[in-house]
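> Take a look at the following structure, please.
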Amino acid sequence: MKQKYRIAILPGDGIGPEVMREAYKILSILKDHFSLSLEIQEFNIGGSAIDQEGIALPKKTLLGCQNSDAILFGSVGGKRWDHLPINERPERASLLPLRKHFNLFANLRPAKLYSELQHLSPIRSNIIKNGFDILCVRELTGGIYFGKPSDRVKKNNVEYAFDTEVYYDYEINRIAHLAFQLARTRKFKVCSIDKSNVLNSSILWREVVEKVSKMYPDVHLSHLYIDNATMQIIKNPNQFDVLLCSNLFGDIISDECAVITGSIGMLPSASFNEKNFGLYEPAGGSAPDIAGKNTANPIAQILSLSMLVRYGMKLNKIADKIDDAVALSLKAGYRTADISNDNNFLKTNEMGDVIANFLINGK
């Protein structure tokens, strides 16, 4: 790790500031107990930035992110700003421009089922008795969401719309390399998702992935069509390790993997560019309905910080300790409202304190 690691903190809207406060506790421990040299600066973004500065992504925020080594992001958006034109709303006008500006082409979404929380999964207990730990690797800047032409047309009293799925071989190549590299840190398995029996873009996808796989002979590669993959995840999620997906298919698959864990409040995510600059954020939204009530689950935000430590700072052992602190908290029976079966649950700040204590003491 470099001598001083600079992190831009963007709490955002809704529950973002609340759960970010708990991440700050972990950051303090990293500095005080693990002697990490961190430079932390907080910046405004999203709806709160619109309210205060008239724009969702202020220049000061963008500059602060540019001068940092990583971004720890909270959440943006809420009904309060739904009256704005869609392209000026917090989600469209802050997070998407950040991804574009830094060319964050790869999105990682872990989906892990903790044994203590199996009862929350919508999947039958006999299917998930052995748990699962899946990492979705999604290409984020290509595919049908960005392909041209894309339009909606009304002509001769007939209306039609069209989008274009476009993938270049280099886009597939770089995301495939990342998936195989990550598989080497896990169970050495990659399953690539496509629709190569129908789509030309998927035929190219499969060909490039096959070519890349030859550079990783120790990693087992399999392929599934997207329709079969969605079924297999429900039937036996434990069979998967790393899922390699295009933008559209990754959007679908990562949400499916998330929902079968039982609580999206547990799930972190990370997005990278080719220089390993990353944006780390919870997979869930801003949850404005519970904002300010001190009931949000801070685990996704804390695990997002863990991903920053693991992938950004390359400090796997310290990231493992953060992950272990979360696991120990759950094993000891501590719960927030979203993962509790009764009214005996912890507030957001209390859960953060518990995890912080386990991180310091290790038991």
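The backbone N, Cα and C atoms fix where each Cβ goes, glycine too.
Here's the feature list from Swiss-Prot:
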type: BINDING; residues: 78-91, 285-297; note: NAD(+) binding site
type: BINDING; residues: Arg99, Arg109, Arg138, Asp227; note: substrate binding site
type: SITE; residues: Tyr145; note: site 'Important for catalysis'
type: SITE; residues: Lys195; note: site 'Important for catalysis'
type: BINDING; residues: Asp227, Asp251, Asp255; note: Mg(2+) binding site
> Indicate whether Asp227 (substrate binding site) is helix, strand or coil by DSSP.
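The residue in question, Asp227 (substrate binding site), is helix (DSSP, three-state).
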> In this structure, which of the recorded positions Arg99, Arg109, Arg138, Lys195 has the fewest other Cβ atoms within 10 Å of its Cβ?
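Fewest other Cβ atoms within 10 Å, among the recorded positions Arg99, Arg109, Arg138, Lys195, is found for Arg99.
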> Among all the protein chains here, how many other CB atoms are within 10 A of the CB of Ala291 (NAD(+) binding site)?
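That number is 18.
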> If we count other C-beta atoms within 10 Å, could you say which of the binding-site residues Asp227, Asp251, Asp255 has the fewest?
Asp227
> Which of these binding-site residues is closest to Arg138 (substrate binding site) if you go by CA atoms: Asp82, Pro90, Asp251, Ala287?
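Its closest listed neighbour, by Cα, is Asp251.
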> Where Ala291 (NAD(+) binding site) and Asp251 (Mg(2+) binding site) are concerned, what is their Cα separation in Å, rounded?
26
> Between Tyr145 (site 'Important for catalysis') and Asp251 (Mg(2+) binding site), how far is it from one CA atom to the other, in Å?
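That separation, Cα to Cα, works out to 11 Å.
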